[in-house]
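Chemist: Got a structure here, written out as structure tokens. Questions coming.
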């Protein structure tokens, strides 16, 4: 299978030129460490483990496992993004443990989870965004408004932390994320919307910017997925999701002059008519949630999901490379296209194919596979280089400049979702698995979770 070959190519080159670094730089054939993971290494290894396993790339999986056993050091000193470490490392280790039952993945996940706990030592229990994994010191991102925490960051811990409690028998992880939910339930929502920035000191919103793209995105996704992962017992999560989606639809969902449905961003009541690539996950999310609405709501939400996914497809179809830009606008005359140079890049992101995968599984309309195959061909044509895959700086030119970065999420998410789009539905069935926001599959809890989680 073509997609399996792409995964093997991405992995083999990473292994050859960058094993143990966080990402491969495919043009210069070396590794990149970056500063997001606080001294942790091997982001691509941990992100790729479950994909290698699912694709039955057995030899490659063993190479990755061996690296985790022998070389993955958690005793590091450096500032890490709580969110990124959680979704990539904790999520990747948990998923691989659940798929294989091999203890090394469980013990590393729990050890790393413990190192994240000091970030929650704030007056409200809303964690700060950056933590030193050695000292346990935590602080807020310098660029985040007035020392605030970010909705998509503190709102995207729930799935992983429930599993950390389940596996360790230690309720502290579940308690931390249940408390976050309590704070969010208590705080006043402008028009029912959740702004992107919240103070970990006061528990109040810091400014009224709302987005289903970056900064907000995965918070909403984790509400519906928390409910699904609880085997539909966590009714609080479902209600929060339903209410949030209703507010989003009322205030942010728009239709362009050309008939494209999109989700705008909201800045203190003023709409910005742009949609980020990151927001393109929402078609899949809305379809996943629609499955469980009443009959007429279900059709309504499936239609909305299909329209948003189609708009995201247009952002790909309207570019010369057939890959979509980082953000696209709906202003006079331009629709579903990037207008500024700074938004024209494509960094191997998964959100559009993620929605194709969900839409395929929930409707079996063949167009989603066709659209997915267009992406496979475009990746091969424009992003594949001699030693791996690279993002491109401008999707609107057929002779693109490469950015020299093979993102770890390309192996974790983009290739996994493409693979699943062409698999039978029972490969990681949506009835039994919930994907974290880095596409790491976590099992639905068909037996009852411990009482501590049910509060």
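Note: Cβ is positioned from N, Cα and C throughout, glycine not excepted.
Not my notes, these are from TrEMBL:
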type	residues	note
ACT_SITE	84	active site, proton donor
ACT_SITE	217	active site
ACT_SITE	326	active site, proton donor
ACT_SITE	351	active site
BINDING	437	Ca(2+) binding site
DISULFID	280-312	disulfide bond
Chemist: For residue 326 (active site, proton donor) and residue 84 (active site, proton donor), what Cα-Cα distance in Å is obtained after rounding to a whole number?
Modeler: 19
Chemist: How many Å separate the Cα atoms of residue 351 (active site) and residue 84 (active site, proton donor)?
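Modeler: Cα-Cα distance, residue 351 (active site) to residue 84 (active site, proton donor): 16 Å.
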Chemist: Taking 84, 351 as the active-site residues to compare, which has the smallest set of other Cβ atoms within 10 Å?
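Modeler: Result for the active-site residues 84, 351: minimum number of other Cβ atoms within 10 Å at 84.
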Chemist: Distance check, please: Cα of residue 312 (disulfide bond) against Cα of residue 437 (Ca(2+) binding site), rounded to an integer number of angstrom.
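Modeler: For residue 312 (disulfide bond) versus residue 437 (Ca(2+) binding site), the Cα atoms are 18 Å apart.
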Chemist: Could you check which of the recorded positions (217, 280, 437) sits closest to residue 84 (active site, proton donor), going Cα to Cα?
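Modeler: Nearest listed residue in space: 437.
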Chemist: Tell me the Cβ neighbour count for residue 326 (active site, proton donor), meaning other Cβ atoms within 10 Å of its Cβ, over all protein chains shown.
Modeler: 21
Chemist: In sequence order, which same-chain residues at least six apart have a C-beta under 8 angstroms from residue 437 (Ca(2+) binding site)?
Modeler: 87, 91, 156, 217, 218, 221, 222, 281
